[in-house]
Amino acid sequence: MPVHQEKKVAQERKHKIIQNDTKASQGQWGRAWEVDWFSLASILFLLMFAPLIVYYFIMSCDQYQCSLTDPLLDLLTGNKHLSDIWNKTPMLTYRAAAIYSLWVTFQVVLYVFLPDFCHKFLPGYVGGVQEGAVTPAGVINKYEINGLQAWIITHVLWFANASCFHLFSPTIIFDNWIPLLWCANILGYAVSTFAMIKGYFFPTNAKDCKFTGNFFYDYMMGIEFNPRIGKWFDFKLFFNGRPGIVAWTLINLSFAAKQQELYGEVTNSMILVNVLQGIYVLDFFWNEAWYLKTIDICHDHFGWYLGWGDCVWLPYLYTLQGLYLVYHPVQLCTAHAVGILMLGLLGYYIFRMTNHQKDLFRRTNGNCRIWGKKPEYIECSYVSRDGTKHHSKLMTSGFWGWARHFNYTGDLMGSLAYCLTCGFEHILPYFYIVYMSILLTHRCVRDEHRCWSKYGKDWKHYTAAVPYRLMPGIF
């Protein structure tokens, strides 16, 4: 072979190796580069049916007293047609549009224009400007952590209105629940579409974008890793935490107010739902800086999955227990109420302490004590897209020695407690534990697949040291 041809072949081989190395390092983060048939089928299913699932659940409560089977039986037996159900569904109203627009605008103002002051007087709270994890392109974004402040201001105004100003009824959310659903869908689809267009034409960081060439996959799973407008408006942080999670506790309060209006009392089951889910929401905002290191921020791109999911799926399906209790008030006996409370608090304790152990371990680089002992760990290394070699430590002691995702186990215990408040008359309120079990198991598998490609043989050593994913001795 002539010398110039040998050089050409060598250059092509070198270029191909560099491309493969770059693609492999990028593949350690975020979603896939290529779409297999199963992923595409799953995405098309979700795009088509997830909005219908939300509508079906909410419609079942509005028209069928929360029965999931009666609508299907009516349709199958011919007692009703789809048009009959649709014609009884409340449509979008100007009132709902005004309420929702004001709500989202208010949360944007609190997020962008009001720097955090809670960290200045709340001991132990980490707020203000914080750094996120390194992105695939090697970028470290800064965030204004002020979610707790937004939650406090919002709820102070809510209670001030309920007790003093009386500008609107505390039942306003329940009274406009389905019209608000259409508003949430409009925002969810609008922000998802905008994020896709932005990823193509004016991304915040082009090196942190992924394109598969498949429209549906890119639309759902997102193109940009961290889409932003200006310096501080981060799409993922805003839509993951606000407006959906701030609204979560307000929605439950509105359901409790409706129960009081209809029946003259608020049942202990409704109080339990408000308390247990309120603890979960407050925990999220108290640890918002820690949230910057979770899979949502560190590995997910921003598309329909997060945009629509946070606007519609989260506020409408995570609050089913409170909605159900408006239609079917349940007064638990003292023993059952205490048992459910203990289950929920134990689940929260495991969830929080497991995450606390990991956070403490990371912050001190392993120079700490877990359960009175120096933590054990596995040394790992990985390479980012820019070719920089990084080192990590994976803890194998404390709760993290029991299972690789024991924080999810605590989360599932809390989820089950929410559902048990509703008794056993209908299956609708148990959708949450079923969904969370599927979601968190899928996250386990997805996270471990990513870690395997990221850490290689080091991950194999880690899984040998901690063999169980969720339940010690079982799974």
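Quick reminder: no glycine exception, Cβ is built from N, Cα and C everywhere.
The following features are taken from TrEMBL:
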TRANSMEM  37-58  transmembrane segment
TRANSMEM  92-114  transmembrane segment
TRANSMEM  148-168  transmembrane segment
TRANSMEM  180-201  transmembrane segment
TRANSMEM  237-255  transmembrane segment
TRANSMEM  262-282  transmembrane segment
TRANSMEM  302-320  transmembrane segment
TRANSMEM  332-351  transmembrane segment
TRANSMEM  415-440  transmembrane segment
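With a cut-off of 8 Å on Cβ pairs spaced 6 or more residues apart, the transmembrane segment (148-168) and the transmembrane segment (332-351) reach fewer than 3 such pairs and are scored as not touching. Using the rule of three or more Cβ pairs under 8 Å, pairs at least 6 apart in sequence, the transmembrane segment (415-440) is not in contact with the transmembrane segment (237-255). Here the transmembrane segment (180-201) has Cβ contacts under 8 Å with residues 51, 54-55, 58, 91-92, 96-97, 99-101, 104, 173, 209, 218-219, 222-224, 227, 235, 239, 302-304, 307-312, 315-316 of the same chain, all six or more residues outside its ends. The listed stretches are 92-114, 262-282, 302-320, 332-351; of these, 302-320 has the most Cβ pairs under 8 Å to the transmembrane segment (237-255).
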